[in-house]
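Copied over from TrEMBL:
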{"type": "DOMAIN", "residues": "6-209", "note": "domain 'Orotidine 5'-phosphate decarboxylase'"}
{"type": "BINDING", "residues": "Asp12, Lys34, 60-69, Ser117, 170-180, 193-194", "note": "substrate binding site"}
{"type": "ACT_SITE", "residues": "Asp60", "note": "active site, for OMPdecase activity"}
{"type": "ACT_SITE", "residues": "Lys62", "note": "active site, proton donor"}
{"type": "ACT_SITE", "residues": "Lys62", "note": "active site, for OMPdecase activity"}
{"type": "ACT_SITE", "residues": "Asp65", "note": "active site, for OMPdecase activity"}
Amino acid sequence: MIKDTRLILALDVTDRHQALKISQDVKGYVDAIKIGYPLVLATGKDIIGEIAEMVPVIADFKVADIPNTDRLICEQVFSAGANALIVHGFTGSDSLKTCVEVAEVHGADIYVVTEMSHPGALDFMQKVAEDMAQLASNAKVAGVVAPATRPERVQKIRSIIGNDIAIISPGVGVQGGSAADAIKAGADWVIVGRSIYLADDPKKAAMEIAKEIKDAIDQ
Ligand code: NUP
C-alpha cells in the first residue's frame, strides 16, 4: 500500500451504487478502501474488483479457520481482486502461514488482527494481543490491526513488531479514537468508517481527517 494520506476508508455500506459513488468521491484522499461482510454479502464479491479498479482494496473478512479452509477463502478473495486481506491471529501459525503463502502468489498483503478496538476486546483478546503481534511479525506479514481507541496499546504493539511491518488502526471517530493520537502512537494508517461514509459530504470528511493526520505528522 502506498503511504500518502495514511487514511483508509472502511466502506460498510450495503448499497452498490452508494459504495461506488463514495469510492469515486474519496479517490485521492484515501490510500485504500476496506470492505467487508456488510458490502460483499449485500452486493456480491464482484464489488471487490470494481472498487479495486479505483482504489486499492483491503478485504476485511477476519479469516479464522484451519489452513485448508483459509487457503480456499484467500484464493477467492485475491482472485476477486483484493489487494490485501485481514485475518485473525488466534488460529495460530499454521493458519497464518497458509494465508501468507496464498497472498504471496497473488502479490497481495496480509494484515493480522491483534487487539480489537471495541470494549469487548478486553474480555479475551487483549490478554493474547502481544503474542499475536509477535506471531504476525515472525510471519512477515504486511502489518497488524491495532486499536485507535487505545493509543497506548498501539504504542505497545509497535514496540513488539518494530518498524518492519505496518500498523493499521481502526476506532477513529464514532468509536471514540483520534486519528492524530493513533498516528502519534505509531500507526501507519488509520481506518475510518462511519465518520466518512455517513457524512453529508464523504469527500470533505476524508479530506479533513487526512489534514488532521498530516498536521500530526508535521508537528
Ligand atoms: O479492531 C477492529 N475494530 C474495527 O472497528 C478491527 C476492525 N477491522 N474494525 C473495523 O473497522 C470495523 O469492522 C469497521 O469496518 C471499521 C471501523 O468503522 P467505524 O467505527 O469507523 O465506522
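Backbone N, Cα and C define each Cβ position, glycine as well.
Keep in mind that TrEMBL annotations are predicted by a computer and have not been checked by a curator.
Predicted, not measured: the structure shown is a model, and the values here were computed from it.
Distribution of TrEMBL features across the structure.
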| residue | record | Cβ contacts under 8 Å, 6 or more apart |
| --- | --- | --- |
| Asp12 | substrate binding site | Ile35, Gly36, Pro38, Leu39, Gly193, Arg194, Tyr197 |
| Asp60 | active site, for OMPdecase activity | Ala10, Lys34, Ile35, Gly36, Tyr37, Ile86 |
| Lys62 | substrate binding site | Gly36, Ile86, Val87, His88, Val113 |
| Asp65 | active site, for OMPdecase activity | Ile73, Thr91, Ser95 |
| Ile66 | substrate binding site | Thr91, Ser95 |
| Ser117 | substrate binding site | Pro147, Ala148, Thr149, Arg150, Ser169, Pro170, Gly171, Gln175, Gly177 |
| Gly173 | substrate binding site | Val192, Gly193, Arg194, Ser195, Ile196, Ile209 |
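Screening the recorded positions Asp12, Asp60, Ile66, Gly177 for a C-beta under 6 A from any atom of ligand 1 leaves Asp12, Asp60.
When the neighbouring Cβ atoms lying within 10 Å are counted for each of the binding-site residues (Gly177, Gly193), the highest count belongs to Gly177. Taken residue by residue with DSSP, Asp60 (active site, for OMPdecase activity) is part of a strand. Restricting the average to the domain 'Orotidine 5'-phosphate decarboxylase' (6-209) gives a pLDDT of 98.
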